[in-house]
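Taken from Swiss-Prot, the feature S-adenosyl-L-methionine binding site applies to 47, 48, 49, 64, 97, 109, 116, supported by sequence analysis.
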């Protein structure tokens, strides 16, 4: 059985499956990189997209919040003779790295990277025992902090919304009971307890801990907030005609990207904050016919591609709009995040 972990990476029960860039051909087709263009890769990871973009003759500005990714990318920086610059930062800050006149393209591959999964000490995998960490940057609140300190109601919200876990209440209450005398310290420790509380059924395609681990990772790294901020930053950073390409791996991420492009299309749909739909100048036009998914051939070769979705837009000449996070209808998790203060 293969568990999709996002970010173009999957995990089999017998061990890890190596990284292969997901939807690589559609990404390059949507970006249209070429000599003389400057493309920003906001999620460098193992450098799969960056390498392919450089091969077209375009120059690349690459970002990653993981210091290990930055260290691992130095050989590529040296080999590409001044055509690649690599920065240790969150991709939500990408507009700080745009050259005068703007970027020709931006690609974001949302999710955990292969290197992060490979390293047991990072705590992303329940198949590889290690500290319950999950911090991409190595700083801030860890998954263990959340599991051992958050209120049970907050755990229910985290697991239910960010992991779409139907058994969030049962799991959260079991965590609360167990951590009083035995705080959770390792990935296998938490995964084992979840498997006892919600045992796997014959029809289940994923491990019982998959959604909880996803929720913790997304929460610890503020992945949805980072994505939302990055989309607004991309709107500011792209030149007219520049292209934004985003690859997501679960419905929460895809929903944010879809809502952003819809809102910026000039025909914004109504929301609970502004029920009436309205028209305004568009800042993005669609690329192609809409969402792109993996072909049957790619999904057969690379099982992790099955859940990948690509959405892309072309920047118009209209000025960037105000960053209005209400368009995403995200829950307010700020109170929970204070446990890191």
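Please read every residue number as a count from 1 along the shown chain.
Even glycines carry a Cβ here, placed using N, Cα and C.
Remember, it's a predicted structure, so these values are computed and weren't measured experimentally.
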For the binding-site residues 47, 48, the one whose C-beta sees the most other C-beta atoms within 10 angstroms: 47
Binding-site residues (49, 97), the one with most neighbouring Cβ atoms at 10 Å: 49
Where residue 47 (S-adenosyl-L-methionine binding site) sits in the secondary structure, as DSSP reduces it to three classes: coil
